[in-house]
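Trainee: Feature table excerpt (TrEMBL):
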type     : residues                                 : note
ACT_SITE : A:178                                    : active site, phosphoserine intermediate
BINDING  : A:126, A:237, A:239, A:376               : Mg(2+) binding site
BINDING  : A:126, A:381, A:385, A:423, A:424, A:538 : Zn(2+) binding site
SIGNAL   : A:1-18                                   : signal peptide
């Protein structure tokens, strides 16, 4: 018997272990030389670990912390690692009772270069695919009916220094969400859907995942440049959070709010909606579970707090924290045109995106080391999801006025780079004209080709010079990816969800067209999304990137979203190996 | 959905009692005050919401509210969220749904459950307001109705 056991043991030494190894940063990762990341190695299906070695470029990796989250797993973590310029090979080999397992991953670290841009203003239109920009262009600058020529161009599309077309995807899906896409722009990595600036791990804690350093943290660490974050969405939403937070779950709102003030970035300027994540749980409307009051605490940290457009425009502080709504800041149409109490509530003095952009720049430019400002037009996506194309597109027009201001600033300040891009697209398309005299939801009122004619947007304009959506001849605009819903072809001053729940749960749960919309006079469209979809979804369509000013030449041609991070770093001459 | 299946008629001991039986019984009690969604809050600022004077005055009293059931979490409901408009929520916007501020948590009496419905509802029950976190679900509510009657709107 003893003899047989020994033979079996000898046979095992050459056998493969059943253990599966995962290593992050993943194989094929590109980082900046000096960019910090957490190394994480996870071995699952381990039976009685005997030995393990981890080498980087042939040398043993020191400082790994070993954990065992379950009986059959072993993990090693090393936080805050970085690598010098060049190719690197990390090898993991493991022996357990069943044999050996090994994994090799290769990374590339790009060298620091000299850059020209000291100030970067990055506009992210959430959901601003090419077709969304086009819809905004068609409405802002109608064709001249005398010759069919456009009467102008959006500011974001005029006088370009360079332009690119950007593709998106996530670490775990061809289809992306705002968390992984904004994180890709911020870090240069492919990130999981719903994750912010972290790699996957095998623990349920969403806040302990291996991290990767975003551009904002790198700038803080290396040069002390100013950082600003502006969004009209609630401030803990994915896109603003991607420039200051790390979590596996974008819904960790309370932690994201805390990370703004306690993380490595600590933006000098934070102008956002969604105060509910910053007020104590005892305040009705708070989404927090604790008593932290970031309005009060931020002032102790030296921030000037503002909550209205008037206060914002009057502020002259060095550090600025603005909360302008308890939720998202309502759409441009709701604020500037419809002004319905059902949509605005008690919030009557909210800034436009151009106000916040201007004040953020004026605050940040006091820093002699330059700045990085991210401005999100978040409500584009918030209204593309429920197929309310008017609200979405008018927010693009609001964004465009902010871009116009930033372009002027860049002309006066030649060390400034202005970028306008998106995180992901939606399936919006302009496919006809619409004769509104025939009423809502009349299919025969849709004119195609020459019957579409030239819509009459712009015959009436609001106080900001933007056209009104109500005009005699409009565009027929729709989305390719839809649930069952009722199409009226027209907008409405009080928003309605396109669908309502069928009231069932589990496998029977589905959504029905909102009967209130159907009653307006509507064509019922049969959906092409799963019955569990209650609204439109993101698409894999490409995005525009418009670049102006210093370092714009780094953005050209087809680019993957992760390339944007490296191009920003090149434009700014970021040297991530430095420590201030 | 079968209307008779839809409703649990509280205090009657059967889920299958016809609707008129419920209404007839309700008429015997003093008519509860009607409270509208637009009457819940006095003012909402970035520092939070303030309850309205009417809401404060009705604390602990019987009120009737009309609204819609938010997309339910489970097939049988011992609580649900009453909303001003029929709503669906965005799966990508959040992992914890983005509720509008003016919602009311309706709590069914122990042992009483309701089937989900898309129809407009009229809820009569004891009003309770103030921030409260449900220990079991973690759901934070500001306004609650401890339901005694739930019926489809006339």
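Positions of Cβ are set from backbone N, Cα and C atoms, glycine also.
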Trainee: Here's one to test understanding: among the recorded positions A:126, A:178, A:237, A:239, whose C-alpha is closest in space to the C-alpha of residue A:381 (Zn(2+) binding site)?
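Mentor: Nearest in space to residue A:381 (Zn(2+) binding site), counting only the recorded positions, is A:126.
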Trainee: Given residue A:424 (Zn(2+) binding site) and residue A:126 (Mg(2+) binding site), what distance in Å do their CA atoms have, once rounded to a whole number?
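Mentor: Here the two Cα atoms lie 7 Å apart.
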Trainee: Which state, by DSSP, holds residue A:239 (Mg(2+) binding site): helix, strand or coil?
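Mentor: SS state of residue A:239 (Mg(2+) binding site) = helix.
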Trainee: How far is it from residue A:126 (Mg(2+) binding site) to residue A:385 (Zn(2+) binding site), counting Cα to Cα, in Å?
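Mentor: Per the Cα atoms, residue A:126 (Mg(2+) binding site) and residue A:385 (Zn(2+) binding site) stand 11 Å apart.
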Trainee: Can you name the recorded positions among A:178, A:385, A:423, A:538 whose CA is within 10 A of the CA of residue A:239 (Mg(2+) binding site)?
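Mentor: The recorded positions passing the 10 Å Cα test are A:178, A:423.
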Trainee: Can you tell me which binding-site residues out of A:237, A:376, A:385, A:538 are within 10 A of residue A:178 (active site, phosphoserine intermediate) by Cα, answering none if there aren't any?
Mentor: A:237, A:538
Trainee: Just to confirm: which same-chain residues, 6+ apart in sequence, have a Cβ under 8 Å from the Cβ of residue A:385 (Zn(2+) binding site)?
Mentor: A:127, A:426, A:535, A:536, A:537
Trainee: Taking DSSP as the reference, which of helix, strand or coil describes residue A:376 (Mg(2+) binding site)?
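Mentor: DSSP assigns residue A:376 (Mg(2+) binding site) to strand.
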Trainee: Which three-state DSSP class does residue A:424 (Zn(2+) binding site) fall into?
Mentor: coil
Trainee: Which of the three DSSP states, helix, strand or coil, fits residue A:126 (Mg(2+) binding site)?
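Mentor: It is coil.
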Trainee: Let me make sure I understand the structure: which of the binding-site residues listed (A:424, A:538) has the fewest other Cβ atoms within 10 A of its Cβ?
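Mentor: Each of the binding-site residues A:424, A:538 was scored; lowest Cβ tally within 10 Å is A:538.
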